[in-house]
Amino acid sequence: MASSFSANSTNIATNKVIEGDSSYREESVMERSSRADEKKIGGAKVASLLLVNQALATLAFFGVGVNLVLFLTRVLGQDNVSAANNVSKWIGTVYMFSLIGAFLSDSYWGRYLTCTVFQLVFVLGLALSSLSSWRFLINPAGCGDGNTPCKPSSIGDDIFYLSIYLVAFGYGGHQPTLATFGADQYDEKNPKERSAKVAFFCYFYFALNVGSLFSNTVLVYYEDTGKWTMGFLVSLVSAVIAFLAFLLGTPRYRYVKPCGNPVVRVAQVFSAVVRKWKVAPAKAEELFEVEGSQSAIKGSRKIRHTDDFEFMDKAATIKESEEQSSKNPWRLCTVTQVEEAKCVLRMLPVWLCTIIYSVVFTQMASLFVEQGDVMDSYIGSFHLPAASMSAFDICSVLVCTGIYRQILVPLAGKLSGNPKGLSELQRMGIGLIIGMFAMVASGATEIARLRRIIHGQKTSSLSIFWQIPQYVLVGASEVFMYVGQLEFFNGQAPDGIKSFGSSLCMASISLGNYVSSMLVNMVMIITARGQNKGWIPENLNTGHMDRFFFLLAGLAAFDFVLYLLCAKWYKNINVEDGDMEEHEHEHEHDDVNNKV
C-alpha cells in the first residue's frame, strides 16, 4: 500500500488535505465520515419512496416511448425506416442525457437537486406532448388508429418534437442519479444495510418493469386505438404523482455531498503523467498519498494502489523538486486520484462490449413493433400487441421477485463454489448470450411471417403470439444484463463518480440506439439497389427483415468473444473504509467473482 508523504508526519494524523484549483491545503478536522449526513435517516423505508418514483416515472416515460414508432407513422405520416431511425435517435438521446445528469450530480448539484430539476423538466415535456397532441396533431378526432389518417399542423410537429426531447432530457438526466441516490440511503458500515443495498438495484429494476408493464398493456391499447391524447395525459398525471412522492421523502433522505469535477481530476492525472513522462514510476510504497482516513477528494474514500497502467503512477511519483514545495495537483496527484482514473480506464472496455447488446435491446421498441403491426394481432376481443409487448416485463418481474435470488444464486453457488452465486460480469455475459438467441428467434418469426403474407395487403395471417418468444428472451436477457450493469458500474465506480458509474448503463443504451440507426441506414443503402427494395422497406412483405435480425445475432456472438477477454482482464476496485477494510482485504484476490 502506498505510504503518505509529509514534511512533518508526527502531527499530520489529524489533518485532512483538500483538493484546490492549483494546490493542496491542509486544515484540521475531526476524524469522521464526510460521506453522509448522519442527521438524516435514510434506510429502506425512505428508499421505497424512490422505488415508487421510479415505477411511476417509468410508466410516464413508456407511455410516450413504447408506441412512439406507431405515432410517427400513423399520426405524423413517416415511413417505417424514418420512424425506426427517429425512435432510435430519440431513445439514444434519452440515455445520453444521463451523462449530463450524472456529471452535475457528482460535481456540483448533488443527487437530490439533480433529481428535482430534471423531473421538473420531465413533467414540462409531458405537458407539452399532451397539448400538442390534443390541439394540433390528432385531427380529425380519433385518427391515428391505423385506419383514419391524421392531418397534423407544422407547428404541432415542432411542439411535439420539442416536448419529446424535453421528456428525453428530464427522464434521462435523473435516472442514473435516482439509482445512486437510492443506494446512498443504505449505510455500508451496517452489514444489514449493506446487504439491502445490493438488493436495492434488483428492486429498482423491478419498479421500472412495474411501470412499463402498465404502459405496455393499458396505455398501449388506448393509444393503438387512436386515443393518443388520453395516453399522454395519463403519463403526465403519473409523472406529477412520481415527483410528489419523491418530494415526500425530503426530510428523511440521507444526503451525500458532491465531490467536485471528476473531469478536472482525471485531466490533472494525465497532465502530471505527461510532465513526468521521462520519470520512472516510484515503487508503490513511495507514491504520494495524504495522511488520515480521508482522501484528498472531498467525500471520497481512499483507493488502494494497483499494478496495472503502471505508467499512470508517474502522476503520484514525488520528484526531488517537489519534496519541499506546495503540492500542485496538476504536477503531483495522490494515489487515490490516480486510481480513480485507472478505474475509469478499466471499466471502459467492459462498457464498450455492452453497446452491441443495446443494439439488440432497442429493436424491441422499433422493428419488433413494426413486425407486430403487420401480423394478426387480434384474437377475439383480446388485443395481443400489448400482451406481447409486456411479456418481457412479466418475465423480469418474476425473476426479480425471487426466482433469481432463491433459485439461480444458490444453484450457481454450488456449481462455482462462490456463495454469492453469479457475479455481475457473469450475469452480463449470460444476458448477452440470451440477447443473441432473441435475435435468432426474431429472424425465425419473420421467416414464418413472410410465408403467410396476405397478397395485396401489407399484413400477414401469422398470429402475433409468435412474437412472444423473442420478447421473453429479450426480457430475460435484460434482467441479467441491465441489473448486472447497474450493480457492476455503481459498485466499481469510485465514490467521487458514483452517478457516472450508474449512467454508463444508460449511455450504453444511448450508443446502442445510435448504432442501430446507423446499421439500418447502412443496410438499406447496401441492399436497396435496382429493383431490390432493401431488407426493411415500407412494405415489410417485400423485404427481408429476418436477415437484419440474423446480422445482429452474428454481431452479438462476435461481441461476446470480445466481452470474455475484457471480463477476464478486469480487476476489482479496492477501497479503504475503516470497519470494512478487513472485509475488503479478505476478498482482495477473489478473482472468481469477476470472471465469466
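Placed from the backbone N, Cα and C atoms, the Cβ positions cover glycine too.
It should be emphasised that the depicted structure is a prediction, and the values quoted were computed from it without experimental measurement.
Only residues 6 or more beyond the boundaries of the transmembrane segment (55-75), in the same chain, are considered here, and those with a CB under 8 A from a CB of the stretch are 82-84, 86-87, 90-91, 94, 119, 122, 126, 129, 137-138, 143-146, 149-150, 152, 164, 167, 171, 174, 207-212, 214-216, 219-220, 223-224, 228, 231-232, 234-236, 238-239, 241-242, 245, 365-366, 369-370, 373, 389. Per TrEMBL, the feature transmembrane segment maps to 55-75 (among others).
Per TrEMBL, transmembrane segment is recorded for 87-104 (among others).
Residues of the same chain lying 6 or more positions beyond the ends of the transmembrane segment (110-128) and with a Cβ under 8 Å from any Cβ of it are 57, 60-61, 64, 101, 104, 159-160, 162-171, 173-174, 177-178, 180-181, 184, 232, 235-236, 239-240, 242-243, 246-247, 250, 253, 255-258, 499. What TrEMBL records for 110-128 (among others) is transmembrane segment.
Taken from TrEMBL, the feature transmembrane segment covers 198-222 (among others).
When Cβ-Cβ distances below 8 Å are used as the criterion, the transmembrane segment (228-248) is approached by residues 49-50, 52-57, 59-61, 63-64, 67, 71, 75, 115-116, 119-120, 122-123, 126-127, 129-130, 133-134, 137-138, 144, 211, 215, 219, 222 of the same chain, each at least six residues removed from its ends. TrEMBL lists 228-248 (among others) with the feature transmembrane segment.
The transmembrane segment feature in TrEMBL is assigned to 348-369 (among others).
Nonlocal intrachain contacts for the transmembrane segment (425-444), taken as residues 6+ away from its ends with a CB within less than 8 angstroms of a stretch CB, comprise 350, 353-354, 356-357, 360-361, 363, 367-368, 371, 412, 469-470, 473-474, 476-485, 488, 546-547, 549-550, 552-553, 556-557, 559-560, 563-564, 567, 570, 594-596. The feature transmembrane segment is assigned by TrEMBL to 425-444 (among others).
What TrEMBL records for 464-483 (among others) is transmembrane segment.
Sequence-distant contacts of the transmembrane segment (504-528), counting only residues of its own chain at least 6 positions beyond either end whose CB sits under 8 Å from a CB of the stretch, comprise 81, 84-85, 88-96, 98-99, 172, 175-176, 347, 351, 354-363, 366, 482, 485-486, 489, 534-537, 544, 548, 551-552. Among the features that TrEMBL reports, transmembrane segment is placed at 504-528 (among others).
Annotation source TrEMBL lists transmembrane segment at 548-566 (among others).
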Six or more residues out from either end of the transmembrane segment (348-369), which same-chain residues have a Cβ under 8 Å from its Cβ atoms?
65-70, 83-84, 87-88, 91, 385, 389, 392, 425, 428, 431-432, 435-436, 438-439, 442, 467, 470-471, 474, 477-478, 481, 485, 488-489, 504-505, 507-513, 515-516, 519, 536, 545, 548-549, 552, 555-556, 559, 562-563, 566-567, 569-570
